[in-house]
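J.: My questions will all concern the structure given below.
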Amino acid sequence: MAVYWCTEALPLAVTALLPICLFPTMGVLTSKKVCPQYFLEPNFLFFSGVVMASAIEEWNVHRRIALKVLNIVGVKPVWLILGMMITSSFLSMWLNNTATTAMMLPIANAILENLFGDLENKYLAQDVGFTPEYSNVKVTAPATMQEGAERHDKRTPEEVRAESEYQLKVWKGFLLCIPYASSIGGTATLTGTAPNLILMGQLTSFFPDCDLVNFGSWFVFGFPLMVLFLLLGWLWISFLYGGLNARLCVRKQDWQADAERKAKAVIDEDYKKLGPMNFAEGAITFFFILFAVLLFTRDPKFFPGWSIFFNKGYVSDAVTGVVIISLLFVFPSQKPSLSWWFDFHSTNTQYIPLLSWKKVQGSVSWNIILLLGGGFAMAKGCEESGLASWLGTHLQPIARVPPPVAVILITAFVACFTEFASNTATIIILLPIITELAINIKVNPLYFMIPATTGCSFAFMLPVSTPPNSIAFASGHLMVKDMVKTGFMMNILGILTVSLAVNTWGTYMFGLSTYPDWAQSLNVTSTTTDVYNLTTSYLNATA
């Protein structure tokens, strides 16, 4: 399955179904144990997040949020990069990373066209080495660029070249910051990216008594991590592409004033085209906020959540999510007429719910749901067969290094592995092994599992690493070396940031400094099972 996932010899979802075919026939697990793994609680939490994202996209709330943020931060390139990263990361906390990137890139292109005009001009083609035949983004120079033709003619070739190089660098910065911020933003919530849900599912499988990881506790850990990494990433990308110098000052470009005013006008005009917020947008915004607040406050660990009003262990994040999204299929998208309740002869607005099942069918990533299930099934097989324990015992050399160093090594290895395989496949393959390693060396399993899971989202160096990277690369304005140069430092920043988070507030949040009782119970169970199996084999042999 690892080979098929890495090479994509079969579609990822089809590979995920192999445990149903092979585990029962090879005597690893019965079908009654394998099949339920495909619809565990994390699958329904993922489903509820995708449905909520579909409703947000259906009524264009995400575009309103994006334009509002860009309107606030201004149109200086360095601040626009920050605005793009803030917006992309926030949206990807709730929406699919790929959908966020696909929505934000056209906005970025429209702004850059008004800042710089046609980048596929003769100066770039001759002096910078830009090859327009590989570009899929066709742009038209705005009036300010045409009106400034005489001014360009008065410039020396060196000045024109420098200006063109600066424009291309800023364009590259925009194209890179959006997919990078989308990947970073997905780490902040459990529903933001599939590896987070796989961690939750495998915790349930390996350690049924562990209830430390839920939406609220993960958000308290992941959101500060996201903000810190986003800030460091913005400084790095702005330093490379946005005109930010080593003293954290923005290089002045006086000739840009006209173009910046035009770009500001474009953002304002696009926002005005959306008009005032209608009833449906207001309703979706309300349910979205309710969705986030209820998930966060169910059981945040640092104060009693509202789940204390129900039987312990009965209400989970999945229940919360499904309850909220169910209301979207009932709540009207148009403001109902109150007069109709008092006079049935009066006209009433047509009843159209906020979301239809037809829309959900087309927008839900069913392949990801199967991929999640395949990961849970494979983890269950590794656990039941003893493969995970066997692999864990062969990773003892890592036990010789201090645990904080092991965290850095594990995160770095996972981040490198996920450059060539999908983040979902990476965590499915590696998490059971990392879990057993932690058990064998008597380290809190979460101390290794959390950084490994987060590191799966740090795929910044190659176009094939993630779909958002591929979308940005397909614009034609990026070369592989641009991604490698920028992404290598982004990986290092991500590894160091995760290490800092796990060893500071993560240790306090999840009690990572001690070996927990819920992990010790697994060891006792495993040892008892091994002793029983050895005793049975011995008695059979002597008989």
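FYI, residue positions are counted from 1 along the chain as it appears here.
Using N, Cα and C of the backbone, Cβ positions are placed for all residues, glycine too.
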J.: For the record in TrEMBL, which of the ranges 443-464, 487-508 is the transmembrane segment one?
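T.: From TrEMBL, the annotated transmembrane segment range turns out to be 487-508.
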J.: List, by number or range, the same-chain residues at least 6 past the transmembrane segment (405-434) whose CB is under 8 A from its CB atoms?
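T.: Same-chain contacts beyond the ends: 1-2, 5-6, 12, 193-195, 198-199, 202, 206, 368, 371-372, 374-375, 378-379, 382-383, 387-388, 391-392, 395, 398, 443, 447-449, 451-459, 461-462, 464-466, 491, 494-496, 498-499, 502-503.
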J.: Which residues of the same chain, at least 6 past either end of the transmembrane segment (279-297), have a Cβ under 8 Å from a Cβ in it?
T.: 48, 52, 55-56, 58-61, 64, 94, 215-216, 219, 305-306, 317, 320-321, 324-325, 327-328, 331, 333-335, 354
J.: Between 12-31, 174-198, 309-331, 487-508, who has the most Cβ pairs under 8 Å to the transmembrane segment (76-95)?
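T.: That would be 174-198.
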J.: Which sequence-distant residues neighbour the transmembrane segment (487-508)? Criterion: at least 6 residues beyond either end, Cβ under 8 Å.
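T.: Sequence-remote neighbours of the transmembrane segment (487-508) are 180, 184, 221, 224-225, 228-229, 232-233, 236, 404, 407-408, 411-412, 415-416, 447, 450-451, 454-455, 458, 460-462.
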